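Peer 1: This is the structure I have questions about; it appears just below.
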Amino acid sequence: RMFHDDELEESEKFYVGQPRVLLLIYALYNTLVARSEMVCYFVIILNHMISASMITLVLPILIFLWAMLSVPRPSKRFWMTAIVYTEVAIVIKYFFQFGFFPWNKHVDYTKDKPYHPPNIIGIEKKEGYVHYDLVQLLALFFHRSILKCHGLWDEDEKGDSSSNKGDTDDELSLTGGRRGSSASLKSVNLAASVESIHVHFPEQQTAIRRKSSSSISQLSHRSSFSSHRSKREQILDTFKNINHTTLSLYFLQCKLCVIKSHCGLCCFRTLQVYVPIRQFFYNLIHPDYSAVTDVYVLMFLADTVDFIIIVFGFWAFGKHSAAADITSSLSEDQVPEAFLVMVLIQFGTMVVDRALYLKKTVMGKVIFQVILVFGIHFWMFFILPGVTERKFSQNTVAQLWYFVKCVYFGLSAYQIRCGYPTRVLGNFLTKSYNYVNLFLFQGFRLVPFLTELRAVMDWVWTDTTLSLSSWICVEDIYAHIFILKCWRESEKRYPQPRGQKKKKVVKYGMGGMIIVLLICIVWFPLLFMSLIKSVAGITNKPLDVSITITLGGYQPIFTMSAQQNQLKSLDPNEFSEFLKSYSGNTAALQFLEGYAREDITRADLEGNSNSLWTISPPSRQKMIEGLRDFKADFTLVISWSIQRTLEEVYPYYIKAPSDSLAKPIKQLLKDCQWENITVSLVKNTSEEWWVLNQLGKRYKTDKKSLELFIFSDKVSPPSLGFLAGYGIMGLYASVVLVIGKFVREFFSGISHSIMFEELPNVDRILKLCTDIFLVRETGELELEEDLYAKLIFLYRSPETMIKWTREK
């Protein structure tokens with residue numbers, strides 16, 4: 001073999017023979033070395049998430065607006081800036097840990113205040129103030145060692161020296177080839193315009209530069225027109241030299257202004273900062289080399305994750321909603337302001353990002369990146385702590401949201417650095433024809449308004465001659481053909497021989513699953529309502545039991561309530577004896593099956609009324625006459641509006657449901673007859689009150705009192721209360737009937753769509769749709785109209801459709 005080396009072969013055998021744990025450690029270390037740059041980014045962001053101060057805010061912004069936008073990699077200047085800044089931050093934090101500073105004397109009082117100045121700046125006194133900064137410094141030194149090992153640490157200095165040499169040559173050409181001296185600088189007429197200066201451009205070597213295109217057609221175009229392209233490259237180099245000449249002229253003017261005035265020094269320092277930044281973003285927007293890529297899908301997924309975090313953790317973005325959840329707030333018809341603002345901002349950024357992606361404008365993406373980076377950091381670290389009244393480092397949901405947003409910033413920076421793709425063809429889920437893409441695509445289309453919104457946005461921000469209805473028609477045809485293509489590919493992978501019956505695995509697997517699903521949908525309300533309270537129900541014991549009794553519509557004679565110690569639960573022995581007392585009563589036992597021991601509460605009410613009986617003498621006389629007339633019925637009004645005569649009037653057992661008024665339980669009464677009570681009027685020297693006593697009490701006491709048993713129904717958990725509140729009929733109307741309508745559409749009306757569903761081969765139609773997307777991206781709008789007309793004619797002509805969809 002060529003290049004055979006025994007030592008290398010022995011080394012390879014030795015490495016392969018190592019334990020798997022050691023090989024895993026080697027692999028992890030190699031991954032760490034290969035991605036040391038990302039490790040530094042992660043540690044810097046993590047340090048800022050935990051510290052959340054102005055000191056740690058600088059480096060994350062520099063990462064997203066400098067390091068990740070640098071081509072091909074961050075420069076040595078950035079890494080040196082990060083290292084020096086981290087070291088200075090450590091020294092500053094250490095210096096302000098001394099106790100003689102005024103704000104360090106009341107640390108326990110001010111440590112949780114988000115707007116306390118030392119907390120905002122990051123100079124507060126705390127334990128472990130420098131731990132993450134040291135880890136960050138260690139990661140930066142580790143990455144510097146990796147760059148030095150590969151010879152990439154001093155690479156930027158060589159590039160800078162060569163660029164400086166080019167700038168010097170341009171300056172020498174301006175001054176007639178003389179070296180820079182004070183005399184030569186003064187002899188230059190700086191008032192002359194750039195067009196009037198004669199600049200000699202040396203002959204440049206032509207180099208083939210790849211613009212933001214990745215198609216094979218460009219390669220053939222480049223080979224056929226190489227001579228014209230070389231001339232164009234010479235012109236581009238000429239304009240580039242003119243640009244360098246202009247910058248050199250600016251610097252020469254500033255240097256002479258320094259000699260004349262101190263204001264010139266300020267202008268010169270400003271230009272020293274402004275010009276490199278301007279040139280950095282100019283080179284970013286107009287790159288010489290562009291390796292186009294498409295990470296919009298990953299950015300969309302990151303935004304979707306952030307959207308989900310906002311929905312399920314919106315309480316972290318509000319002030320007084322720490323114990324709330326979105327279901328309870330929506331069930332009360334209340335939309336929290338913090339939730340609404342965060343959702344609208346998140347949704348708005350997703351729409352703008354889609355527009356920039358369709359327009360393929362790198363400049364717009366750069367501006368959007370700058371605005372979003374500064375806006376998000378200002379909102380999360382300066383506005384949100386004041387809204388929530390807690391520090392960002394104590395808000396776990398906000399930290400998670402910010403971390404996912406940092407992932408989005410990194411992907412956006414990578415998209416800017418590489419450039420947008422030239423062509424955007426179809427949905428990202430339609431790149432492969434398998435079951436995974438099929439079900440994901442169909443799930444994507446089931447999301448309400450998502451398909452429609454995407455189609456309208458694509459039509460607005462894409463150059464086309466089609467109307468909106470025609471655009472939607474093409475999108476619908478393409479989606480339908482893609483679904484058919486996936487089914488046809490699955491039939492090719494898993495063919496079914498002719499004349500053979502379907503396998504039992506398929507029939508019982510697919511058919512059985514559908515049967516179980518349909519049965520569950522039909523019986524879902526009954527199962528849900530029966531299990532939600534029996535299995536997951538929460539005992540809802542009464543807190544207060546009050547009784548008010550009125551005789552014949554006169555002034556209430558008895559008012560009493562039982563609370564706290566007067567409300568007692570039954571112990572196991574009492575509960576068992578209670579059940580034994582109804583051993584022969586089938587109706588009572590059937591009722592008691594739905595209640596456990598903890599659902600029953602015994603209320604002991606005092607027999608003496610807690611209020612004096614105040615009645616006028618005429619009303620009192622009328623009441624006495626009514627009570628003496630035994631032939632007439634005298635009504636007794638109880639607080640739950642049940643009217644009975646004085647005998648068999650007391651409801652011993654009360655059922656307290658969760659959604660209505662308390663009701664008496666007739667199944668537990670003997671012969672469905674209520675209990676008897678005695679009513680007597682006690683009169684003092686000048687006061688009088690009523691005394692009531694129950695005759696047939698289960699737990700007899702010597703004193704005159706009333707005894708009442710309350711059976712409390714279980715209530716559903718708060719998280720499912722919004723669904724259980726509809727009841728059985730509400731669930732049937734809102735869930736079962738709606739789902740049944742969709743299922744019925746799947747099983748009915750199939751005969752009307754046979755000519756569009758049963759297509760043996762859809763490759764030609766799929767290629768026609770793809771061609772429409774392709775000519776639209778290339779700007780051939782007339783050809784787009786012709787192909788669309790061809791597609792419409794194909795669906796209008798069944799005979800042509802049959803010819804196009806035959807097997808090859």
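Here, residue 1 is simply the first one shown, and the rest follow in order.
The backbone N, Cα and C atoms fix where each Cβ goes, glycine too.
TrEMBL does not curate its annotations; it predicts them automatically.
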Peer 1: Quick one: sort out which of 126-142, 432-448 is the transmembrane segment according to TrEMBL.
Peer 2: 432-448
Peer 1: Return yes if the transmembrane segment (400-420) and the transmembrane segment (295-318) have at least 3 CB pairs under 8 Å (sequence gap of 6 or more), otherwise no.
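Peer 2: Yes, these stretches are in contact.
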Peer 1: Using a Cβ cut-off of under 8 Å, list the residues of the same chain at least 6 residues beyond the transmembrane segment (78-96) that approach it.
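Peer 2: Tertiary neighbours of the transmembrane segment (78-96) are 40, 44, 55-56, 58-59, 62, 66-67, 70, 104, 118, 122-125, 129-130, 133-134, 136-137, 140-141, 143-144, 147.
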Peer 1: Over the span of the domain 'Piezo transmembrane helical unit' (34-154), count residues by DSSP class, listing helix, strand and coil in order.
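Peer 2: Going by DSSP assignments, the domain 'Piezo transmembrane helical unit' (34-154) contains 82 helix, 0 strand, 39 coil.
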Peer 1: Quick test of the contact rule: Cβ under 8 Å, at least six residues beyond the ends. What residues does that give for the transmembrane segment (295-318)?
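Peer 2: For the transmembrane segment (295-318), the nonlocal Cβ contacts are 324-326, 336-339, 341-343, 346-347, 349-350, 353, 357, 384, 387-388, 395-398, 400-401, 404-405, 407-408, 411-412, 414-415, 428.
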Peer 1: Restricting to the same chain and to residues at least six past its boundaries, which positions have a Cβ under 8 Å from a Cβ of the transmembrane segment (468-487)?
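Peer 2: Distant contacts of the transmembrane segment (468-487): 426-427, 430, 433-435, 437-438, 441-442, 445, 451, 455-456, 458-459, 756-757, 759, 762-763, 765-766, 769, 772, 788, 791-792, 795.
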Peer 1: Excluding the flanking five residues on each side, which residues at least 6 beyond the ends of the transmembrane segment (366-388) place their CB within less than 8 Å of a CB in that stretch?
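Peer 2: Sequence-distant neighbours of the transmembrane segment (366-388): 52, 57, 60-61, 64-65, 114-115, 120, 281, 284-285, 316-319, 338, 349, 352-353, 356, 395, 398, 402, 405, 409, 412-413, 416.
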Peer 1: Return the average pLDDT for the domain 'Piezo THU9 and anchor' (293-530) as a whole number.
Peer 2: 85
Peer 1: So if I exclude everything within five residues of the ends of the transmembrane segment (39-66), which remaining residues of that chain have a CB under 8 angstroms from its CBs? That is, six or more out.
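Peer 2: Cβ under 8 Å, 6 or more out: 32, 74, 78, 81-82, 85-86, 89, 92-93, 119-123, 132-133, 135-136, 139-140, 142-143, 280, 369-370, 373-374, 377, 381, 385, 391-393, 399, 402-403, 406, 409-410, 413.
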